[in-house]
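*Asks:* When I checked TrEMBL for this same protein, it listed these features:
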ACT_SITE  Cys107  active site, nucleophile
ACT_SITE  His194  active site
ACT_SITE  Glu196  active site
DOMAIN    221-421  domain 'GMPS ATP-PPase'
BINDING   Ser248, Gly249, Gly250, Val251, Asp252, Ser253, Ser254  ATP binding site
Amino acid sequence: MTATPTAPGSTPTDTIPDDVFTLPAGVKQVIPILDFGSQYVQLIARRVRDAGVYSMLLGPQVTVEQLKKLNPTGIILSGGPSSVYDENAPKPDPRLFELCVPVLGICYGMQVGCELLGAEVKNAASREYGRAELRVNEKSDLFKGVPDHTSVWMSHGDQVNTLPDEFVATATTPTCPFAAVRHKDKPFYGVQFHPEVTHTPHGGDILSNFLFSACGCRGDWTMADFMESESKRIKELVGDDHVILGLSGGVDSSVVAAMLAKSIGKQLTCIFVDNGLLRKGERDLVEQTFRGHFDLDLRVIDAEKQFLDDLAGIEDPQEKRTRIGHRFIDVFKDTAAQIKAEFEDQNTQIKYLAQGTLYPDVIESGHGYAGTAANIKLHHNVGGLPEQLGFDLIEPLRSLFKDEVRALGTVLGLPENMVWRHPFPGPGLAVRVLGEVTKPQLDLVREADEILLEEIVSNGLYRKTAQVFAVLLPVKAVGVMGDGRTHEQVVAIRAVESQDFMTADWARIPFDVLATISNRIINEVRGVNRVCYDISSKPPATIEWE
Ligand SMILES: Nc1ncnc2c1ncn2[C@@H]1O[C@H](COP(=O)(O)OP(=O)(O)OP(=O)(O)O)[C@@H](O)[C@H]1O
Ligand SMILES: O=c1[nH]c(=O)c2[nH+]cn([C@@H]3O[C@H](COP(=O)(O)O)[C@@H](O)[C@H]3O)c2[nH]1
Ligand SMILES: NC(=O)CC[C@H](N)C(=O)O
Ligand SMILES: [Mg+2]
């Protein structure tokens, strides 16, 4: 998956920045998850949150002192690609058990926890990948309510080979005698299988048993509570100052706008930037929706020329994002100066810039939890920001996943079509015109995208897909139209299903709908003679092409 904090066999040396240890307002119980590089780590975090318990990801180098700052209710050690006996295998702080809180080790996490408590881990004679039949020996603790025989999902080549007497083997599989263990004196539980994946049918029960029975979690992490506490925190933080918000009309910034409108009312100005990289009709739609729904101070800024000038001649996706991120900030600064000039009281400061940054943006930009996460994409609003911002940031959604933001939007009473809008990236069509971005190329992709979305909506596929868009490829293909040769561009269609946009699969759009889309694009968009359908999942591809 995306954020691998450590390459196999390397220990991260970076220390985790302090601000990571400040919990969102109102969070009283937290389950930190130490990420040893598992492809399922996001899934573990989401499962815990779905159970109503706040969870967060941390690099494995987190120290006991840092963990103490969080006052964790329990800790989960994730799986990972390393072997504990590798020279540089990532290891948790050896004093982990001094915290005296329940620890659940999953796969590598179990191996590393057991090793710390005196067990020996070795390469297994028979590896297990995929389904395995688990026999439960002890139906207490993690296995309360779980049948004696159940399927589990395995993915390991190593296993615990010898277990000290202080442990009990609570479950086995035909080739794994220690498929689940618990320590007799310390609150440590290990499972060699993956309870977080749906292929482990009772995985949810096992995780719930850990959270509610072993850790004593209350399950009181709800969006309604989050909204109350976060609104209160922002109100106190802002005081008499003024806040500007970059409003894109997407779910995230719309939710932030609604939340801020509620907590600070007239101290908020929303700025919608027409950067020339928007979809067809987007500007009007955003203006209408917001002017219609909220009593907000909304400014629409036309900055197409500046953005396109900045992008002239630029082909590198990271460079595009950086330039776009910088230009956004310049536009926000100029607009803030104009707004300030209008204030009656010239002592009022515009100190804050609010953004709809989400947890996946933070993690994928490598700014997440360790400073060592793989940098997949510099999201323009996180990694792409200039160093001297000139504002303090207010990012109320920084700790939330997309589906939590949608739940929050519903709690805030946003209309359904706004809550369920497909995401649209801040750099917009600049990352969907591959290679150099020019106005004619943008117009071309706009036309294709409009047709695509029309067909998706009219065929009832909008809510069944997570994101659908057209990409203009910088290649030309030969075709034949009206008996003549054509040499024109290629449009790729991307349609994905995804819950949290960290992983995604290509959507199985019916062939006849694809046929109509292709036919319409080729006929109606001048300059395109070929349409391709992208059938790559994420990982290994990403959702956007750049
Ligand atoms: N055209 C724009 N004008 C003003 N701010 C913008 C614009 N595009 C993006 N932003 C800012 O950048 C942030 C990140 O963009 P992003 O696309 O991830 O979020 P979003 O648009 O709010 O939601 P979604 O992901 O559903 O599109 C936004 O929350 C917003 O603050
Ligand atoms: O605001 C944004 N700024 C960006 O730079 C950016 N890059 C990707 N995305 C969106 O993030 C989700 C995951 O996209 P990827 O799989 O391409 O990384 C998808 O929903 C993408 O549309 C962005 N959003
Ligand atoms: N999925 C895992 O955590 C695997 C752990 C370890 N790399 C093994 O192969 O056993
Ligand atoms: Mg957006």
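Cβ coordinates are placed from backbone N, Cα and C, and glycine is handled just like the others.
Keep in mind the model is a prediction, meaning the values are calculated, not measured.
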*Asks:* Whole-number answer please: how many Å between the C-alpha atoms of Glu196 (active site) and Val251 (ATP binding site)?
*Replies:* 27
*Asks:* Within the set His194, Glu196, Ser248, Gly249, Gly250, Val251, which recorded positions show a CB-to-ligand 4 distance under 6 A?
*Replies:* Ser248, Gly250
*Asks:* Among the recorded positions Cys107, Glu196, Gly249, Asp252, name every one whose Cβ is found under 6 angstroms from ligand 3, counting any of its atoms.
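*Replies:* Correct list: Cys107.
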*Asks:* Among Glu196, Gly249, Gly250, which recorded positions lie by ligand 1, judged by Cβ under 6 Å to any atom?
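*Replies:* List returned for ligand 1: Gly250.
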*Asks:* Anything within 10 Å of Cys107 (active site, nucleophile)? Look among the recorded positions His194, Gly249, Val251, Ser253, comparing CA atoms, and list what you find.
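*Replies:* Matched recorded positions: His194, sequence order.
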*Asks:* Just the number: how many Å between the Cα atoms of Asp252 (ATP binding site) and His194 (active site)?
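*Replies:* Just about 31 Å between their Cα atoms.
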*Asks:* Just to be sure I understand the packing, how many Cβ atoms besides its own are within 10 Å of the Cβ of Asp252 (ATP binding site)?
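*Replies:* Around the Cβ of Asp252 (ATP binding site), 27 other Cβ atoms lie within 10 Å.
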*Asks:* Show, in sequence order, which residues other than Ser248, Gly249, Gly250, Val251, Asp252, Ser253, Ser254 on the same chain lie with their Cβ within 8 Å of the centre of the Cβ atoms of the ATP site.
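*Replies:* Surrounding the site, in chain order, are Leu247, Val255, Val256, Ala257, Gly356, Arg421, Phe424.
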